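TrEMBL annotations:
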BINDING   PHE135, ASP220, GLU221, VAL222, GLN223, THR279  pyridoxal 5'-phosphate binding site
BINDING   ARG138  N(2)-acetyl-L-ornithine binding site
MOD_RES   LYS249  N6-(pyridoxal phosphate)lysine
Amino acid sequence: MNNEIQSAEENLIRVYNRFPVVLDHGEGMYLYDTDGKEYLDFAAGFAVTGLGYDNKELNETLKAQIDKLYHTSNLYYHESCGEAAKELNRVSGMDRVFFTNSGGEAVEGALKSARRYAYTKGTGRYEFIAMENSFHGRTFGAVSVTGHDSYREPFEPLVPGVKFAKFNDLDSVKALVSDKTCAIILEPLQGEGGINLATQEFMGGIRKICDENGILMICDEVQCGMGRTGSMFAWQGFGTRPDILTMAKAIGNGIPVGAFAMTEEVAKYSLQPGDHGATYGGNPLACTAVKKVIEIFERDNIVGHVNEVAPYLTKKLDDLVDENDCVVRRKGKGLMQGIEITKPITEVNRRCVEGGLLVIQAEGNVLRFVPPLIVEEKHIDEMIEKLKRALAD
Ligand SMILES: *Cc1c(COP(=O)(O)O)cnc(C)c1O
């Protein structure tokens, strides 16, 4: 066995089902292992590397920041903390932001912010309504609002006061609303849960329920945000501005950074000095990454590119559904799509990897495609060819 794999197997806590591949470097849409084998990447490290690999401009900017300063503490300001916050607020449509190191932490902060808002207002509200099939991360708060028993049960008792409604079923949400409801949390496009897109009616309905009942709407856009669905953030495509928004994954293109943000109205009553913190959160390297990633996104019109290329992916996947008995349906939007198949998903995924194609599994026997957003039609053609081979008998 490869030495690296052996050491990993002997020393790491075994929580991941890894493929026997040791990755070495990447370029654009491709990753290469230590034997030089090439992989076309339709996984983007879990929808993280929106700009792909080895973006020279981003690399140089990060290297320069490392040479200058990469950690201070939040007792002081640094050169890009205000700029990164301003830019992220501008593109996400929020007013105030807190930088975290991950998506789970962003969700954690969003939940705390909602409770803190209710506490200041003295409403006595503390309950969260979350969605079945949702995924919000692995920390205790995040797991508590994640709608999968397998993620929750081994760690109970969890954060109390969480109820689960059916995704895209407004009546099931209404049935859970009470004068104790503090916030409703949902992903506009569920990722892990099987690439389930919220309907316009559902998003609009949730916004209305929240407005009419003094409830905060939390959108978790850790995965579907940052251009992936054809708008900078998915909520913008629905026109339903949330009160609190969580972000991570693609906002730093792989530099560990997440964020939760809120409207000024929520911020006024929510977290106060001393209520929350993160030692690394928003350090100079993370903020430099966010600032540069947003700059590149806008200058290169990445969102426009997503809207140009996504219909091609949609068409190719629809063709696959028509041509292949084992492909039941296509799901998703923009460059966050999936196909539900009847064949054993893990085996198909393994064959994809062997054939030099990286994809991700999702709930409901779904194969997920979340490529770097720089993907072009020729890469989609190559992906479809490799996928067909993996699906063949
Ligand atoms: C990945 C993900 C998270 C958790 O992010 P981490 O950085 O792994 O903690 C939370 N919410 C959604 C929707 C995600 O896809």
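Along the chain as shown, residues are numbered 1 onward.
Placed from the backbone N, Cα and C atoms, the Cβ positions cover glycine too.
Any TrEMBL annotation is an automated prediction that lacks curation.
When secondary structure is read from DSSP and collapsed to three states, ASP220 (pyridoxal 5'-phosphate binding site) falls in the strand class. Per-site Cβ counts within 10 Å over the binding-site residues ASP220, GLU221 peak at ASP220. A Cα-Cα distance of 6 Å separates GLN223 (pyridoxal 5'-phosphate binding site) from LYS249 (N6-(pyridoxal phosphate)lysine). Of all the recorded positions given, namely ARG138, LYS249, the one with the smallest number of surrounding CB atoms inside 10 A is ARG138.
All protein chains considered, the CB of GLN223 (pyridoxal 5'-phosphate binding site) has 29 other CB atoms within 10 Å. In this structure the C-alpha atoms belonging to ASP220 (pyridoxal 5'-phosphate binding site) and LYS249 (N6-(pyridoxal phosphate)lysine) are separated by 11 Å. Listed in sequence order, the residues of the same chain lying 6 or more apart from THR279 (pyridoxal 5'-phosphate binding site) and placing their CB within less than 8 Å of its CB are SER73, ASN74.
For LYS249 (N6-(pyridoxal phosphate)lysine), the nearest neighbour among the binding-site residues PHE135, ARG138, GLU221, VAL222, judged by Cα separation, is VAL222. If you take the Cα of GLU221 (pyridoxal 5'-phosphate binding site) and the Cα of the residue listed as 'N(2)-acetyl-L-ornithine binding site', they are about 16 angstrom apart, rounded to a whole number. Considering only the residues assigned to pyridoxal 5'-phosphate binding, PHE135, ASP220, GLU221, VAL222, GLN223, THR279, the longest pairwise Cα distance works out to 25 Å. For VAL222 (pyridoxal 5'-phosphate binding site) paired with the residue listed as 'N(2)-acetyl-L-ornithine binding site', the C-alpha to C-alpha distance reads 13 Å.
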